[in-house]
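Structure, as structure tokens:
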Amino acid sequence: MSKRVSAFGAEGDDEPQEKPMKPFISFSSNINNNNNSNNNNNNNNNNNNNNNNNNNKNNIGTGINLNIKNNNNINNNNNKSGFPVKKSRFNGEDDDDDYFFSNVPPKSSMTTLNKSPPNFENASSNNNNNNNNNNQESDSKNQNEDEDDEIDPLDAFMENVNAQAAIDNSKSIEKGQQQQQSLKSKRDDIDNEDDEEIFYKLRQKQLANKSSKQQQDDDVDYSSLDDDDGYFDDEESLKNGQSKGKRIIEPLPPIDHSKEEYIEFNKIFYEEHPDIANLTEEQVFEIRKNLDIRMTGTDLINPVTSFGHYGFDDILLQAIAKQSIETPTPIQKQAIPIALSGRDLIAIAKTGSGKTATFIWPSISHIMDQPYLEKGDGPIALFLAPTRELAHQIYLETLKYSKYFKLKTTVLYGGVSKQQQCKELKAGCEIIVATPGRLIDMIKLKATKLNRVSYLVLDEADKMFDFGFGPQVLSIVNHVRPDRQTLLFSATFKPNVEEFARTILSDPIKISIGMIGSANSDITQIVQVLKSDSDKWNWLTNQLALLLSQGSVLIFVSTKVAVEQLSSNLTKFGFQTCTLHGDKNQIERSQTIQTFKEGKINILIATDVAARGLDIPLIKNVVNYDTSRDIESHTHRIGRTGRAGNTGVAYTLITPKDIHFSVDLIKNLESASQFVPPELIDVAMNNPHFKRERGGGGGGSNRGRGRGGGGVGYRRNSRGGGVAFNSNRDSSRSDSQNKFIPAQSVEGGRLFNPNNTDNSEINNENEKSINNENKFSNNNSGSSNDRNSINYRNNSFNNNSNNTNNSGNSNFNNSNSNNGYSNNNYNNNYKNNSNYNNSNNNNNSYYNNNNSNNNNNSNYNNSSNNNNNNNNNYRNGNNNNNYNNNNYYNNNNSNNNSSNNNNSNNNSSNNNFNNNFNNNNNNNDNSNFNRALPFNDFNNNNNNSNNNNFNYNNNFNNSYNANNSNHYKNNNNSNNFNQRSQYNRR
């Protein structure tokens, strides 16, 4: 049944009709009548009979509901109008008629209608008649009167209705348009006054006020720089019309692990190699000491010395070889066995030491042992990083190895479309690298979950807590299954952060490589003390061309304004630069880094936003145009060069105003055996505390008074004189409690070499047969004492040291001539070792003798004239020092000559070593000896023949000539170790 359409729109229409329909008149059968009992021709279905009333209500179908009362008495016996009464125009659609006519507004009287002439244009006929009541007796018949042709009230009413309908229609259309406009403006108002947006704006304003009090345009505050997804995404900021500001990240709600179902997994994949298992405690101790490793914890695991000891799959070993990695770094030698053993770990190592690969390689073994992901599962390995740059760097490093095992890896950080990241997560991935805030967003959006995570890594964990991500990180960790494996890595680790980290770890092993927060010894630090800031510009413009000839240059400044200003000045000076700071969005940052990495532009000027996570091998020089806020940031700045065993140079420009930073910088230089310019010490002397520690009086007491030469150091002892550094600390104490034990330096000496002094102490413990003079001369390879070692490396800065250094070489030659051997301590020890034929004693002798050298591993390289490893030789003062030909150290020629004469008197140290080695190998099981050597990677086979030993020494002298494939394969063949087969995932 179709519905009628009214002039104003039928029920259910969305919009009113613009034109009214033509009115019609219908005598519907659905009429409510109040009739007399004498009504004979009333066919209505709904009749209400009243004995006292004789009123007939007429229904008029006009397209509008009407209810008109007629006060006249109407006799319905005869209808003379000519229109049918019982049959409606719509064939008796009573329900529709009743619906439309039920809401007709009542009219008081027909006399109130307009008396104007009727308009019959839209009327089908005139169906209203005025009847007269004859008031006759009750038994007489009712008679109908003729129509009143003068004025028809119905016509007048219809005309008024049509006019009113047109007016109402126009008003309705106008009102609809106003409502639409009102709704549109109202939605805009809601968007502008969104509660969440108001909260964010208020919070942003509060943070801005707080930040303005603490810092004026200082980029060093990471919480305002890194946009590390604790911030609005760029797309969200533009959408809401907001400037970039810190966003409040609510931690994840707690989770009840007892209600979760977790699959079983294995996290122990390490089987100790026989060569490592056979090492004695003394040998393990010496290996750790040589690698400068300190460990605390229970059930400590021995370090390895080669890749073959890990038990990695051949595919992973080949992937490592393709990266031109020849030997593990110190942290990799100790931390990877711990990670493969399923233990929780706290690892502290200097920047550029290979921390990233340390947790990536074990993660692949961990993942490949587990079942495949099912639909809806989250990742198996989760790597958290504080900044987007570091997260992206870890992601790229992970791809280098995961692609060979078809493991899907995804990175999550702010500034990237959430929609795309959700799509990648829902497709499934085994490894996620993420910043805490964006990961929380993805979990709340149900794009991923942490039900499968069993391998959790927090890189730069201390900075995550420093940035205020502690609650967020803790909530993420609490969403991971309790029996997970957790590893924390950082270049620095403050005691309060360490205490917090231990709450999320289970029986961890803590290892630290070198001094906590120390600089990388592969990086040469050169400090330039200038009179004023204006001198910095002159120095930079004079040196920049030379620095660019060596490779790309990274320049650090302290503020965003300074970045743009320095870039503009260098551009005017003819240099092409690119910039990186906190105001750059993610797209601009990525483009800048990519341009710099490809070498299209060789100068990058940046704030500390680039101090972490930027790994570009082309960077050969770092210039600290402005000093960093603290020494930790300085360590990360200079760590952008000299990465993964490569060498680099870092220049730091100091002015007299940098008093407090100079104090920390001196300690940093000393910890890495770097030269400390006297001018830098003069600046630091303006610090009262530093002056009390190292000031001029020398020292009979802790107050710096008494006789003896004034010196610099960490503490003074009761013997007076200068002081030296001793890093042999009790590992049972915390790092904050460890103190530096001074040692006596030469009379009047002001500088010292911490590493050499430390080695001399080791020699006192392990080699009583060699006097102190010999120990110093052997360690320094051409110096008679500690002071001369520093002068040998840096006498271009202090000409007065040359004479002393030459005298040191003279003493060195006399010492060696008495012994009849060259400058290799192990030659003397092999000569004097009566128990050489005993393999166990031989191992002990090897390590004890090796301690007398400045750097055990580099001694092998330095002893080899074929290595030409100039950078390492420079570190250890070898005769083949590349820097001897440089202007920096051109005064060392006399030292080298004396060393060369010494070598000629001894008929070549290497040949002496080989002869002694072969002569003492009669009837000896040399396989045990070779297993103890850290370079047994290069042994082809372990035989008992003297010929093989001679070949070993040849390989030893030319160790780096072996290619990578032989490096790994030969090691596996020599040990006959049962390697695990290819990974078979369940």
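Cβ coordinates are placed from backbone N, Cα and C, and glycine is handled just like the others.
Here's what Swiss-Prot has on this protein:
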REGION    1-149  region 'Disordered'
COMPBIAS  29-82  compositional bias 'Low complexity'
COMPBIAS  105-117  compositional bias 'Polar residues'
COMPBIAS  119-137  compositional bias 'Low complexity'
REGION    165-192  region 'Disordered'
REGION    206-252  region 'Disordered'
COMPBIAS  217-236  compositional bias 'Acidic residues'
MOTIF     305-333  motif 'Q motif'
DOMAIN    336-511  domain 'Helicase ATP-binding'
BINDING   Ala349, Lys350, Thr351, Gly352, Ser353, Gly354, Lys355, Thr356  ATP binding site
MOTIF     459-462  motif 'DEAD box'
DOMAIN    522-684  domain 'Helicase C-terminal'
REGION    688-986  region 'Disordered'
COMPBIAS  696-723  compositional bias 'Gly residues'
COMPBIAS  753-764  compositional bias 'Low complexity'
COMPBIAS  771-978  compositional bias 'Low complexity'
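When the motif 'DEAD box' (459-462) is classified with DSSP, helix, strand and coil residues number 2 helix, 1 strand, 1 coil. Neighbour density for Gly352 (ATP binding site): within 10 A of its CB lie 24 other CB atoms from the protein chains shown. Sequence-distant contacts of the motif 'DEAD box' (459-462) (same chain, six or more residues past either end, CB-CB distance under 8 Å): 355-356, 359, 383-387, 390, 394, 488-494, 497, 501, 612. Look at the motif 'Q motif' (305-333): DSSP puts its residues at 16 helix, 0 strand, 13 coil.
Across the motif 'DEAD box' (459-462), the prediction's mean pLDDT works out to 84. Counting Cβ atoms from all protein chains shown, Ser353 (ATP binding site) has 26 others lying within 10 Å of its own Cβ. Within the same chain, residues at least six positions away from Lys355 (ATP binding site) with a Cβ under 8 Å of its Cβ are Ile331, Ala347, Ala349, Asp459, Phe489, Ala491.
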